[in-house]
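A short worksheet on the structure shown next.
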Amino acid sequence: MRPLPGAPGVAAAAALLLLLLPRARSDEHEHTYQDKEEVVLWMNTVGPYHNRQETYKYFSLPFCVGSKKSISHYHETLGEALQGVELEFSGLDIKFKDDVMPGTYCEIDLDKEKRDAFVYAIKNHYWYQMYIDDLPIWGIVGEADENGEDYYLWTYKKLEIGFNGNRIVDVNLTSEGKVKLVPNTKIQMSYSVKWKKSDVKFEDRFDKYLDPSFFQHRIHWFSIFNSFMMVIFLVGLVSMILMRTLRKDYARYSKEEEMDDMDRDLGDEYGWKQVHGDVFRPSSHPLIFSSLIGSGCQIFAVSLIVIIVAMIEDLYTERGSMLSTAIFVYAATSPVNGYFGGSLYARQGGRRWIKQMFIGAFLIPAMVCGTAFFINFIAIYYHASRAIPFGTMVAVCCICFFVILPLNLVGTILGRNLSGQPNFPCRVNAVPRPIPEKKWFMEPAVIVCLGGILPFGSIFIEMYFIFTSFWAYKIYYVYGFMMLVLVILCIVTVCVTIVCTYFLLNAEDYRWQWTSFLSAASTAIYVYMYSFYYYFFKTKMYGLFQTSFYFGYMAVFSTALGIMCGAIGYMGTSAFVRKIYTNVKID
């Protein structure tokens, strides 16, 4: 039997996407245990408290490991590998429901080099993270005395593990045994395990890590209410102004239709009707413009789907699951990019559709991978756990070439064939109409700069909560708020760009495509400016790696947000422009 065309590529794509999905392995992933069954304590990373993303392998500090036989851990998902999860076996002997009395599990032979490493870690407030049954545990490395002359290491890990039936539902760590760091001495590391019955349900075991008092604060509710009221006011204002203004315009244009040619020539003709022969003229640089619109539509689809999935599933309970889900959804929604970008490029008369398809497919991945590649050099120099392994890079490249590109090609072909024919309500003139002079505040550059203020105002409070959950130590879980804010952002963006475009066309300037896109996309400029304020006034980050990581990925986030807002603004404005020129009689 002859194999189907493209079958090897489909098989390779399926295998690559399986990397994004968690693999089942042992009872740790079933989250059920038998009495006396082994429970693994994984050591993850260690790093400065104020630099959340600057993390290193736990055993990069001269900690000792327990005597139990080592267990290897592999990255279960692509999200884990990209987020720098580096689980290493602690060597501690822990069994389900089996208490362990205080005892030594290893000994550190503290020479001067090891002492200096611990002192540096304590000076920089290093903390470490561990996992038991996918439940995170945090601890501090040590502390200094009031004078900052003597340094102490916490040597005793006191674990209290709560269980409900055959499941682990709670883990607490108490650090004790403060020992002064003195060169050429031996430090004994010890631990104990106490099991206790708990009434906490397995489904609710992550509730203790959430912070309702922070995310459901009155300010958060007030900001949502304030943004919602702004939407109602803005929609009402835009509707009233445009309906009244357009009604007058239609009446004036109808009156002009009743005039004879002499009266019409002597009349004072002005307004958006005068550019009917140029308003549907292709935008400048249609290849780039179409690719941006397609990418923006895909980012919106990804945002919408991921938020819905996060509302249904508690993605924060699994390491790297949010990032893995986002990558999977981005790859799966590639036809959206191809469809909207390819159809728009075809309607604008573009002929290099293959080049447009490639640019649309790789625009966002190239931006993200380029930034990650730059930061990866710094991470490698720092020997940080955030350094992306070579195998992970290869996997990401394969996803781009064997999943995203073919799906984008499918979307492009569908877009060109289903909605690629121009169907404008007005005929485009052969010769472009000269653009008259206008007041300075009607210039496209000014409109672009001002267009992002209101959309940013509708989301900047939510930006604080999102930033805090990513750059600080909060778990974002109120995705219902995020969905509402996304809807508000879309409505405000469309309303603002429609008003901006109306005034631009009324000034007889038909360059509305890029203006509508950029005026909506300028929201990204204000978000990035806000990230500077957040960095300097809301965090205590320091160092080259953390600073590069912060501003690098904030630039990626802001750019992606801007492309999404620009696409939303253009799509809404395009429908508006088509509507008003459909309803007016053109000779």
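Placed from the backbone N, Cα and C atoms, the Cβ positions cover glycine too.
Swiss-Prot assigns the feature transmembrane segment to residues 326-346, out of the candidate ranges 116-136, 326-346. The Cβ of N417 (N-linked glycosylation site) has 12 other Cβ atoms within 10 Å, all protein chains considered. Across 292-312, 326-346, 358-378, 387-407, 447-467, the stretch most heavily in contact with the transmembrane segment (517-537), judged by Cβ pairs under 8 Å, is 447-467.
In this chain, the transmembrane segment (447-467) touches the transmembrane segment (222-242); three or more CB pairs sit within less than 8 A of each other, excluding pairs fewer than 6 residues apart. By the Cβ criterion (under 8 Å, sequence separation of 6 or more), the transmembrane segment (480-500) is not in contact with the transmembrane segment (326-346), since fewer than 3 such pairs are found. Taking CA atoms as the reference points, N417 (N-linked glycosylation site) and N172 (N-linked glycosylation site) are 60 Å apart. Taking Cβ-Cβ distances under 8 Å and a sequence gap of 6 or more within the same chain, the neighbours of N172 (N-linked glycosylation site) are I137, L159, E160, I161, G162.
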